Amino acid sequence: MLHSSLHPSIPQPRGRRAKKAAFVLLSVCLVVLWDLGERPEHILQWLMLHLASLQLGLLFKGVCSLVEELRHVHSRYQGSYWKAVRACLGCPIRCGTLLLLSCYFYTPFPNTTHLPFTWTLALLGLSQALSILLDLQDLAPAEVSAVCERRNLNVAQGMAWSFYIGYLRLILPGLPARIHSYNQHHNNLLRGAGSHRLYILFPLDCGVPDDLSMVDPNIRFLHELPLQKADRAGIKSRVYTNSVYELLENGRPVGACVLEYATPLQTLFAMSQDSRAGFSREDRLEQAKLFCKTLEDILADAPECQNNCRLVVYQEPAEGGNFSLSQEILRHLKQEEKEEVTVDSARTSVMPDPSMLPQGPELLISSMDQPLPLRTDVF
């Protein structure tokens, strides 16, 4: 199963398997119809008739939706009735084509049911009305999820963009300078290669406490980084601050880094606790995973930010499980330092040894008394 590099439980975006399965179904049905001995032109005519009937049923459904949308034409469509019609029925050329196809393909067929066209049309409208009243055509949860992901309509996707634009994009470009200033006043505490980033914690259960030491006593608050101020949304000199934490192992300091939770996860957790939001625990878990994946994709296209932070995604086991948040952070710190060393060694390997290069300009002097001409045909 495909999953993100952040955590095994975070899925990748949906692919095109549904359309591939539909293509296989189409092929199988055509083979079955061919084996039944029907002529190809009859198969094509019946296929077009049924396809036009299905689309005509969707047209009836769109008309029913239009009746409701006309009540909101000023608030939802800026007073444009044409926009309301397009939102419910789609392109008018398409609707007219479907009506013509329905009439055209109904005419040449023998009337096996002995029903006139108006009866057939009325029965089609009746079946569509019953489907609407009984909610027989509601989208499946997987279809709703796919549509929302494809159009960036999920709660988590909006939160991820808000977290990036309203926070990370403001503080991450200037983070190295603030860490450098901090090191000058605190004995170069954040000297490791992995300590020059902001580590953002992503618990998939959305449990975000305000005190990290309550989660793990081996995480100890040390200091705050130098403040960053910026004018934001009418607020003059808005203050942004980040905290430096020390990581302990067997009572001894083994590392330090700039650390914090992803604050939008608190909102997801609060929504799941409020009945007015209609947000279940399953919805919360799905949106938390999507939040992580969306933020990862956003940072991947932001070079000025992606090298200044690392996402620490984890899922605490059930009761009785052995999980240490400090050890999880240490693992990411060591991995970051290992990757930095690997990159540095790769850069060093492609650079020539300075001792092998000439230290100054050299003059190449010929032993001949007269200079040679540029032409070679004089010899």
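Every residue gets a Cβ built from N, Cα and C, even glycine.
Swiss-Prot lists Ser162, Tyr167, Arg238, Val239, Tyr240, Thr241, Thr263 with the feature 3',3'-c-di-GMP binding site. The annotation 2',3'-cUAMP binding site is assigned in Swiss-Prot to Tyr167, Arg238, Thr263. Sequence annotations record features per position, and here Swiss-Prot assigns S-palmitoyl cysteine to Cys88, Cys91 based on similarity to another entry. Feature annotation from Swiss-Prot assigns region 'Cyclic dinucleotide-binding domain (CBD)' to 153-340; the stated evidence is similarity to another entry. What Swiss-Prot records for 338-363 is region 'Disordered'. Sequence annotations record features per position, and here Swiss-Prot assigns region 'C-terminal tail (CTT)' to 340-379. For 18-38, 43-63, 89-109, 114-134, the entry in Swiss-Prot reads transmembrane segment, with the evidence type sequence analysis.
The separation of Ser162 (3',3'-c-di-GMP binding site) from Cys88 (S-palmitoyl cysteine), Cα to Cα, is 31 Å.
A gap of 34 Å separates the Cα atoms of Ser162 (3',3'-c-di-GMP binding site) and Cys91 (S-palmitoyl cysteine). Residue pair Tyr240 (3',3'-c-di-GMP binding site) / Cys91 (S-palmitoyl cysteine) shows a Cα separation of 49 Å. Residue pairs drawn from Tyr167, Arg238, Thr263, the listed 2',3'-cUAMP binders, are separated by up to 18 Å at the Cα level. According to DSSP, Tyr240 (3',3'-c-di-GMP binding site) is assigned to a strand segment. Among the residues the record lists as binding 3',3'-c-di-GMP, namely Ser162, Tyr167, Arg238, Val239, Tyr240, Thr241, Thr263, the two farthest apart have Cα atoms separated by 18 Å. In terms of local Cβ density within 10 Å, Cys88 ranks first among the recorded positions Cys88, Cys91, Val239. Between the CA atoms of Arg238 (3',3'-c-di-GMP binding site) and Cys91 (S-palmitoyl cysteine) there is a gap of 49 Å, rounded to the nearest whole number. Those residues of the chain, other than Tyr167, Arg238, Thr263, with a C-beta within 8 angstroms of the mean position of the 2',3'-cUAMP site C-beta atoms are Gly166, Leu170, Ile171, Tyr240. All chains included, 12 other C-beta atoms sit within 10 angstroms of the C-beta of Thr263 (3',3'-c-di-GMP binding site).
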